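Asks: What TrEMBL lists as transmembrane segment is A:15-35, A:42-61, A:67-90, A:131-154, A:161-179, A:209-229, A:257-278, A:333-357. The region 'Disordered' feature in TrEMBL is assigned to A:365-390.
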Amino acid sequence: MISGYLARNGLEGRIIATIVLILAAGVAVPVSNLVLDPSHPLHVPTYIVALLGKYLTYALLALALDLVWGFCGILSLGHGAFFALGGYAMGMYLMRQIGTRGVYGNPVMPDFMVFLNWKELPWYWHGFDQFWFAMVMVALVPGMLAFVFGWFAFRSRVTGVYLSIITQAMTYALMLAFFRNDMGFGGNNGLTDFKDILGFDVQADTTRAALFAASAVALAIGVIITARITGSHFGKLMIASRDAESRTRFLGYRPEMVKLFAFTVSAVMAGVAGALYVPQVGIINPGEFAPANSIEVVVWTAVGGRGTIIGPIIGALLVNGGKSWFTGVLPEFWLFALGGLFVFVTLFLPKGIVGTLQDHIGRRREKRQAEKAEEAEAASAAEPTPVGAE
Amino acid sequence: MRLAGPLTFAVAIILSLAGVAHSQEKPLREIVNSFAEARNFNQTEEIVAELGATGDPAVVPVLRALSEGDLHVRKSDNQVFIVSGRGKTLTIIDPLTGEMVGEEGKRALSKIRVNNGLRRLIRDTIGGLALGSPDPAARLRAARTLISNPDASSLPAIEAALEKETDPEVAAGMMRARAAAILVSERPDAEKSEAITAVAAISTQDALSLLLGFRGQATGELREQVDRAIARVERVQSYWAMAQNVWYGLSLGSVLLLAAIGLAITFGVMGVINMAHGEMVMIGAYVTFVVQEIIRTSAPWLFDWSLAIALPLAFLTAGAIGYALERGIIRFLYGRPLETLLATWGVSLILQQAVRTIFGPTNREVGSPSWMSGAFEIGQLTITWNRLYIVLFALAVFAVLLFVLNRTSFGLQMRAVTQNRRMAAAMGIRTPRVDAMTFALGSGVAGLAGVALSQIDNVSPNLGQGYIIDSFMVVVFGGVGNLWGTFVGALTLGIANKFLEPYAGAVLGKILVLVFIILFIQKRPRGLFALKGRAVEA
């Protein structure tokens, strides 16, 4: 009883520490970029701020995947699609903000539509000049897609590798669709050449710092939501349907509804991550839908440790940091390293870095507690029995 | 000029058909040498007509050389020769016998000039000569040319040739050529009406454009008849278009079958998705490339056999890599299909990058043996040999795999493990060995697919990536544990893709197929040919 209480409290403590750490980074990095002199040793250059901001959105995406894969057992190979859809919603807002500053100077239509000789804005582009509308869409579009897709898939009990493969087919189909010029999303080139967000220049240091802070806040909120969901009764059901779906069903629960909820929430989180990603990198194109991207997200989560909340964040930061370093130093070897990482993690670190550490710490704590219990037993007994302490 | 061509052409043919007697009156060489005296294009034209009138096939090379600007006059003695070669000295060839006479400086020769009108006349004359050629195939070809380029002035020639024709097939071809010519002539309506029926029976694109052209000048009953004929030809054309789509679909389907069948075997037996399967295909293609390179440098005469040599090598190479993959990685991940998926994806990245490092990121050229290039026609269907061979090859691979699975003890063991792994193990089957061999077999078949795909696709490190998602779709659609599921799945998806393409475009067609499969999975989560039984749910 007491140990269970302590463990739960300990977990909460760790989550709170993570949130504090993320928020502290969200304040410290922008401040050091804006306030400190460039020659100061603790000064963070703007390009690093943008890079770290990108990593934070990746971490949020990895956390979203962890919610469905780590806790619900759904290996989605299409989470990049939700990320990209959120990104496109944001990109559409940013395109509408360009206004007359485009190459063709059309006040309403983005350049690529003028270039394609379109006469008026397609219906689905209306409303994206309003920030609030774009933000609603950032959550709604991925959420709706996940809901509809999940509704069909989970209800007909598509599970395991079949589910993974059709999520991959989903993102592949979307990629092909977004590559088409007729879709009205800029085709191959995607959406780019953004000018302002909410009236602030996207290139300015202050805007970048603010976007970084916003990403940190979004990640912190993501951690809170994930911790709340997984810590609740509902979280237990998620784990139950991951570990023994049939048994959960026979106990009278509806695993498909549990999965559907988790999948939809996760898609919304991925969409928000995408929306924060786009203004920081300045472009969104159909390549974001590529199946390879979605699988890469899986490896971030796997490296950090699925089924933990801190794991995917650490995994995303480590792997992407490694990628940036590798592509700078040994560009040809990055794919070898990434491929090797996939094999190594699945073979030797199935629980990821955080999961393995947790196991280790847990085992040590158990051992210590067992020792303590023995000591107490020994103390309470009239004669200590050294043979029993073996 | 424009009228003169066809007229002289017609005269030439009539004369040529009139008999060989004429040619004996004036020896051929004399006529050929008279090119030297021609002062302008009109005079050259007359000589061409005279040559055509001889009806002697020996003049064809002379005319061809004239058309290509290779006919020259030797200034010293006004003799006419065909020349070849480049530079200052040219080889001169006797125009009638084709024998090499010697060499001559460029300055000693003068070229007989031709213009486009002359070239057209020469072409028609050669065509007309072919109509009187002793070879029936050449006569048929000539008749066909006349159908695509009908000309009222050629009508008498066709009719003359038709009277002498004995071969029924050639006669039918000439009848059609005559009908086509009648449509563009000034003949009475009754004959034209017959001609419409005859032209409609040809039902090719040429016939359609002929009828559409005639429609403008037709009136009254003839107009109605033409409209009916056009509708008929269009209907026939749409049938042929459908047949062409089915053929393209079969061709795509057989490619998908080759790529997916190995995947289906490993997935069926072991329940794991091998994401590196596409890279096995790629390795098969690179084995073909290496084999051809070695043959090119050391044994060029073996080139036509290069694919036959590459097949077993590709099977063994890809199979060995598959075996190593199973022994080295996958066997540690049993019971964890999702992890296997990730690990094999990692392997696929490593293999791709390895090939990129060794062979470079650009496309490598793999040649086709002579027996695989070219095409032939069935009706209005054009079928290329390489596509046909790939369809046959896919069917052969399928048949061999069916045999292995259903008639050998290894196949029996594989099927037992697929249906119930633990029971199979209890019966004394060494399941780890079956797994390893299955994986090797599936990868080896992917290697074979690579050899076939090297003939129709770019051989690059990304080759496998292009097929992997489609292969998954085939496996998911067809279901596992039954090769027929893969067969039906691959052909259905191939044909569906090609039928959607004309209406929706290639990309949208593919998207529709993907959406269809995603919906289909809802209805039948385990594919068309699902395994039944208790073991399936486990």
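Each residue's number is its place along the chain shown, starting with 1.
Using N, Cα and C of the backbone, Cβ positions are placed for all residues, glycine too.
Note that the structure is a prediction, hence the values are computed from the model and not measured.
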Asks: Under 8 Å between C-beta atoms and at least six residues away from its ends: which parts of the chain pack against the transmembrane segment (A:257-278)?
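Replies: Sequence-remote neighbours of the transmembrane segment (A:257-278) are 53-54, 56-58, 60-61, 63-65, 67-68, 71-72, 74, 76, 79, 82-91, 94, 134-135, 138-139, 141-143, 145-147, 149-151, 154, 191, 211, 214-215, 218, 222, 225, 229, 234, 237-238, 241, 248, 284, 288.
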Asks: Rank A:67-90, A:131-154, A:161-179 by Cβ pairs under 8 Å to the transmembrane segment (A:42-61) and hand me the top one.
Replies: A:67-90
Asks: Against the transmembrane segment (A:131-154), which of these stretches has the most C-beta pairs under 8 Å: A:15-35, A:67-90, A:161-179, A:209-229, A:333-357?
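Replies: Top-ranked stretch among A:15-35, A:67-90, A:161-179, A:209-229, A:333-357: A:67-90.
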Asks: For the transmembrane segment (A:15-35), what are the same-chain contacts with Cβ under 8 Å, counting residues 6+ beyond its ends?
Replies: 42-46, 49, 52, 56, 205-206, 208-210, 212-213, 215-217, 219-220, 223-224, 227, 309-310, 313
